[in-house]
Amino acid sequence: MKIALGSDHGGLNLKKHIILHLESKNIEVTDLGTYTEDSCDYPDYALKVAKVVVEEQFELGILICGTGIGIGIAANKVPGIRAALCHDTFSAHASREHNNANILTLGERVIGVGLALDIVDAFINAKFQGERHQKRINKITEIEKKYSK
Ligand code: RB5
């Protein structure tokens, strides 16, 4: 599995912990920035990760900002991206199983590192369950098509 990661300055520290955690499990990770604590704009990194996930260069993405909210809103503007903000493990696996989420978003200022790593594990180990859920994903895709210019 290949995972693309991105964050703004507000998510930089948690992103470093997640990268070390995934590398310790021999999961291939690519960090698309930001790389410094300088203030930056979360939509820039949301777009970098959303692009490579929707182009299927990476199976999943993980995006982190201060709250996980802004970076998730931005990523969800890319058609085909289903970014899920999860601050508990149940939501993390359900977002994959029911919503076929392809990006996990997290807020470094909201949860601790230990919980964040458990959430990451729950997200990457879960599988989309298809069937009735696919029908609902198809409806999301129809909404995207209707409002895309
Ligand atoms: C940056 O200060 C902060 O606004 C950002 O990381 C994020 O929380 C936005 O949703």
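A Cβ is built for glycine as well, from the same backbone N, Cα and C atoms used for every other residue.
A TrEMBL annotation is a machine prediction, not a hand-curated record.
Features as listed in TrEMBL:
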type: ACT_SITE; residues: Cys65; note: active site, proton acceptor
type: ACT_SITE; residues: His98; note: active site, proton donor
type: BINDING; residues: Asp8, His9, Gly66, Thr67, Gly68, Ile69, Gly70, Asn99, Arg109, Arg132, Arg136; note: D-ribulose 5-phosphate binding site
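Known features from TrEMBL, placed on the structure.
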residue : record                              : contacts (Cβ under 8 Å, 6+ apart)
Asp8    : D-ribulose 5-phosphate binding site : Thr34, Cys40, Asp41, Tyr42, Tyr45, Ile64, Cys65, Gly66, Gly70, Ile71
Gly68   : D-ribulose 5-phosphate binding site : Gly11, Leu85, His87, Thr105, Leu106, Gly107, Val110
His98   : active site, proton donor           : Gln129, His133, Arg136
Arg109  : D-ribulose 5-phosphate binding site : Gly10, Gly66, Thr67
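By the rule that a residue counts when its Cβ sits under 6 Å from some atom of ligand 1, the recorded positions Asp8, Cys65, Gly66, Gly70, His98, Arg136 yield Asp8, Cys65, Gly66, Gly70. In the three-state DSSP scheme, Gly66 (D-ribulose 5-phosphate binding site) is classed as coil.
Cβ contacts within 10 Å of Gly66 (D-ribulose 5-phosphate binding site), excluding its own Cβ and spanning all protein chains shown: 18. Each of the recorded positions Cys65, Gly70, Arg136 was scored by the other Cβ atoms within 10 Å of its Cβ; the lowest score goes to Arg136.
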